[in-house]
Amino acid sequence: MAPRAPPRRRPAPAAGSGPGSVRVLLALAALYGALSLLAYRVIHMRHVAPLGDDAPPGDFSEGRVLRHLHRLAVDIPGRQEGSPGLEAAAQYIKGELEGLAARAGPEYRIEVEETLVSGSFSMVFLRHRVTLGYRNHKNIVMRISSNVSEDDDPSLLVNGHFDSPLGSPGAADCGSCVASMLELSRLIIDSGWVPSRPVIFLFNGAEELFLLGSHGFIKTHTWNSTISAFINIEASGSGGTDLVCQSGPGSWPSRVYAQTAKYPMANSVAQEMFGIIPGDTDYRIFAEDITNIPGLDIIFVLGGYFYHTSYDTLENLLPGSIQARGENLFHLVKAFTNSMLSKENEISNKGDKDGIEDSRPVFFDYLTWFMVFYSRDVSLILHNLPIAIFFLVPLFLKFPNITLMSWSVTLLDLIRGMLLHAFGVILAIFIPAGAAALRLLFTKNAMNWFAHPFLAFFMFVPASLIGLLLPRIAWGLSEQTHFWGAFGLYSVITMAYVLAGLSGGFLTFFISISMLLGHLISIIIKRKWNQRSPKQIMCRSLVAYVVPMIPCLLYCLYYGGFLIQFLIEKMGMMGSLPKPYGYFVPDIIVGAALGLVVGWCFGPLAPVASRWLSKTSILQGLLQVTVVALAISSQLFPYSTGAPKRVVLQHTYVTDANDIVDSNYGFSVVDANSLEFLFNNAPEAAKWLKDNSELSFEEKYHSDRSSWVALYPVPFLFSGSLKFQAQTDEIRKHYHKFPQLLVQKTWSNNGHRRVHLNLSLGSLSEIWTAVLNVTGPLSNWSFADNMLPAPQPVSGGPPSYICRLSGKSDVDWSFWLEANSSESLRIDVAVLDQYLVDSTKSLKSLFPSWADLTAFTTFFSTYYL
């Protein structure tokens, strides 16, 4: 009988197949979930415990700040220009400061002033030029110094504004700023610390009117020449990390921040990206437009859902944010006054201000725990190091058999890997963007993720991972080629930032260096465990690669998570674009941005993890998650009271002298969901308009930007605005005289006409601003030091010259215009008043709570001269 053949052994399953792939996927998902939770808690300042109002007097207390803020944002009904609350806020601030001055010790010299500022200048705002004329805006100023200080000693300015935007209580923007400044000034006195250089607190009362309070201070106040540095605090949200959005001129403001902030939140990319956001701060007055004083612009940026809405209330502030801000500020004030403003550094600081504009450093915080800061010169070396390593890698891979041919062939192979990884990153961006656009073809609402940010991650992250993993499946890259190709891509991006003079390369530099560390440890593990089975070796090497990269991955999630949260919140106010393409833009942007974040959060792991994850079954699972999330998103409503839709309601009265010619309601929105969406989901308001007017979305009911000139240049964020007929006589119950422009005298010489005019604001009492839109052969005017700016087209018509006037309305405005031909000048006058007639209030109240309406009355008239 023949001997039986031994049984054949089944081949071991390939690494990464079957259950092993799922286990790796779940393990990585758990890791990223834990790191994301930690990053989320840090971004929302959950690690900072706010102190109550009974905290020791030597500590900064969020509780005491909230007590001030309750007075400013709750007890006082409104702090808008033209509202009585603005004066009440000014008197409250002044009273608190005078109380501090009265109980300060003899070692302090404290001066409190109430000043009125007036002036005129031109600026570019929202990329459009506008001229501003203002008068009698109130600032409250306090200077704290030692009793031996001189009036001309170099000073540190701390600035914040106490006025609030239209229709908003302004708890965060910027009641939180001035309340924090009140607590900070108290802390300076009660802690017994006497500043070595004077500290000036500017509580400015007209920032929301395009930075007028700070302009008036820096142009007219007697202390303006002593300012050697400044800290501007602002709010573009309701809390979270207090981001340094701008710093300079020169590097030392960011350097002192890096050295002293207790909870630092800053990175040098923020300043390069700041211009994308529709808005501005007093920083540009102090550091750019008027003077070049070095300083910091520190802003609350999360909670942007409530920014400039009626939901900017005390209840919506993020706990711990004010505490972190206050402790940072106290450390910064000490550092600036004790070090940067000391006599031995004044000369070097002057050198900084005069000649280091192009030497911005590279800096970033690590989860608000500490700062990394290095100069531009150091970055030129560090950020070019990875690309140098990339070109040397073929030598190490072929050692000791090194020839020019072997180096070239290996380098070309690595470049192939780099291109394929780049293709994967591009797919990671384009696939979720395409999925976002595809979803909108089958649903009626855009931005469904707006009130549900977590939904954006479920919709777009799996789709991005599909794109990132596809090249490994399609082209069968070796792990070595894929790894060094990915390393080469991040190295090239780092070098590109250097060549472009930008400072964002610190992220890809951090990634590439972390990849090297993980790869080195992985090699050591493989050699140590070479007696184990191939599967065990590969699993251990994956762990050995991932663990050293955790600090980098955590930072990528922190940085990327912050970016996506900020972007989602700001999409509610970035403006509406014309149909049909404007409807797709926000979803595509968010999808692409999330794909980019996946490219740097998971991209460094893709070369190693792809061995397990680049499987058809894994990609099918990711696709299913994407489809389910897209389907669920289509069933969810885009807005809520925690994420309201911004709507603008303008009740316009077209007047001729003291007669009302026409009256209409104008509606507009500032995101992708149009007014048709609004009225379809606000049936009571739609019914009211149908009963009292005619609700239609036809072209003839559209309004152009010229009818919104009272808000200039904000209407450039509008598209698809509508207008409906309104009642005309109801306003006479409240106002009996309307704004009117009168000719005082006319002077002519050699073809030039100068017309002297008087603008009476009638009996209006809650005026926010008056806007002049001048078209025609204007050659000069009396505003902005008799300097005529470049004209701006408002609504496809002839070039216009826009001037916004603000200030007390009980005195007429007198000015002159000069024309260089006999052709008539056309002047549109739009006066924005905050009073609403009862019918407009009724209409506003009919909208659901998820729609936040900024409502006002505009008196519009046209004159030909």
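Just so you know, glycine gets a Cβ as well, placed from its N, Cα and C.
Under the heading domain 'Peptidase M28', TrEMBL lists 139-332.
The domain 'Endoplasmic reticulum metallopeptidase 1-like C-terminal' feature in TrEMBL is assigned to 643-863.
Residues or ranges marked as transmembrane segment by TrEMBL: 20-40 (among others).
Positions annotated as transmembrane segment by TrEMBL: 380-399 (among others). Residues 374, 406-408, 410-411, 414, 480, 484, 487-488, 490-492, 494-495, 497-498, 505-506, 509, 512-513, 516 of the same chain, all 6+ positions outside the transmembrane segment (380-399), place their C-beta atoms under 8 angstroms from a C-beta of that stretch.
Annotation source TrEMBL lists transmembrane segment at 419-442 (among others).
The annotation transmembrane segment is assigned in TrEMBL to 454-475 (among others).
For the transmembrane segment (495-521), same-chain residues at least 6 beyond its ends with a Cβ under 8 Å from one of its own Cβ atoms are 267-269, 272, 358, 360-364, 372, 376, 379-380, 382-387, 389, 483, 486-487, 544-549, 551-552, 555-556, 559, 600, 603-604. Marked as transmembrane segment by TrEMBL: 495-521 (among others).
Taking Cβ pairs closer than 8 Å, the transmembrane segment (542-568) reaches residues 24, 28, 31-32, 35-36, 38-40, 42-43, 241, 267, 301-302, 304, 364, 366-367, 449-450, 453, 456-457, 507, 510-511, 514-515, 517-519, 521-522, 524-525, 589-590, 593-594, 597, 600-601, 604-605, 608-609, 611-612 in its own chain, all 6 or more past its ends. TrEMBL lists 542-568 (among others) with the feature transmembrane segment.
Taken from TrEMBL, the feature transmembrane segment covers 588-606 (among others).
The transmembrane segment annotation in TrEMBL covers 618-637 (among others).
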Given the transmembrane segment (419-442), its same-chain partners at Cβ distance under 8 Å and 6+ residues beyond its ends are 459-461, 463-472, 475, 477, 482, 485-486, 489, 583-584, 587-588, 590-592, 594-596, 598-599, 603, 606-607, 626, 630, 633-634
On the domain 'Peptidase M28' (139-332), the mean of the pLDDT values is 94
